[in-house]
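Pulled from TrEMBL, these are the features on record:
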ACT_SITE  CYS147  active site, nucleophile
BINDING   ASP47, ASP94  S-adenosyl-L-methionine binding site
COMPBIAS  213-222  compositional bias 'Low complexity'
DOMAIN    1-207  domain 'SAM-dependent MTase RsmB/NOP-type'
REGION    213-236  region 'Disordered'
Amino acid sequence: DEGSQLVALLLGAKPGEHVVDYCAGAGGKTLALAAQMRNKGRLVAMDVDHARLERGAPRRKKAGVDNVQTHVIEQGKDKWLKRRKRTFDRVLVDAPCSGVGAWRRNPDARWLRRTRPIEELLPVQAEVLQRAARLVRPGGTLVYATCSLLPEENEAQVEAFLASADGAEFELAPPEHFGAPFDDGYLRLSPARHGCDGFFGAALVRDAHILSEMSSSEAPPEAGRRTPATQLQLSN
C-alpha cells in the first residue's frame, strides 16, 4: 500500500549508510529502503519470525537487491543486537499493532480479530521501540510507525518513549522537504484524506553531541552526516 511505502521513505535512507528494518516481516518496506539506498550500503532486515523473513528472499532476488542481510531477533537478550549498539545510521520500527488503518482494505478484520488485543500490544510496542532505539548512532534517525489510527498506539507511545531513559537522547524531528502532511510533528495518513491505508509515523533523531561522551568501544564504525529525507509530494 502507498501508506506503507511513504512510511519507509520517511526514514530517508541514503546510499552507503547502515540501515535497519527492525520489524521487516516479508520485506515490503525493506525493498523500498533498498531502492532509496540504490542497493549500496548495508541494510539489515530483522524480525522475530524466521519464516516471514524467508518469504522476503524471493522478492529481493526478483528486485535485484543484494545489500540486505537478515537477522532473527531473539526473545530476551540478543547478543547480536547488543554488539551493534549505536552503530546504525537509521532504524525503522514498523511496530506490531491493531491494524486499524488497514480496515478499508480488510473490513472484516474488525470482527475477525486476527491481531492481539490492544492491551497486549501496547507493552510489546514499547519494548520494541526501546530495543530498536539502542541501535541508532549519535546523530542517527529512528522512525516509529504503525498502521493504526489509535493515539494510544501512536502519539502516546512516542511521548512515553521520549520521557523514558532510553528516549532521553532523542527528539522529535520531522524531516525537511519531505512533502507529506505532518501534524504537530507527526505523519498521519488516513483513508479519508489521502486515499491510502491509515499510517502513523514519527521521526526521532538521537543527539549527536553525545558522541564525544561515548567510550571508544561504543563508538560506531561509521558516522555519516544526517541528510534530509527524499522529497515527496502527497495531495491532501
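Glycine is treated like the rest: Cβ placed from N, Cα and C.
Just so you know, TrEMBL annotations never went through curation; they're auto-generated.
Neighbours of ASP94 (S-adenosyl-L-methionine binding site), defined as other CB atoms within 10 A of its CB across all chains, total 23.
A distance of 17 Å separates the Cα atom of ASP47 (S-adenosyl-L-methionine binding site) from that of CYS147 (active site, nucleophile). With a 10 A radius on its CB, ASP47 (S-adenosyl-L-methionine binding site) counts 22 other CB atoms from all the protein chains. The CA atom of ASP94 (S-adenosyl-L-methionine binding site) is located 8 Å away from the CA atom of the residue listed as 'active site, nucleophile'. Summarising model confidence by region, the domain 'SAM-dependent MTase RsmB/NOP-type' (1-207) averages a pLDDT of 92.
CYS147 (active site, nucleophile) is surrounded by 24 other CB atoms, counting those within 10 A of its CB over all protein chains shown.
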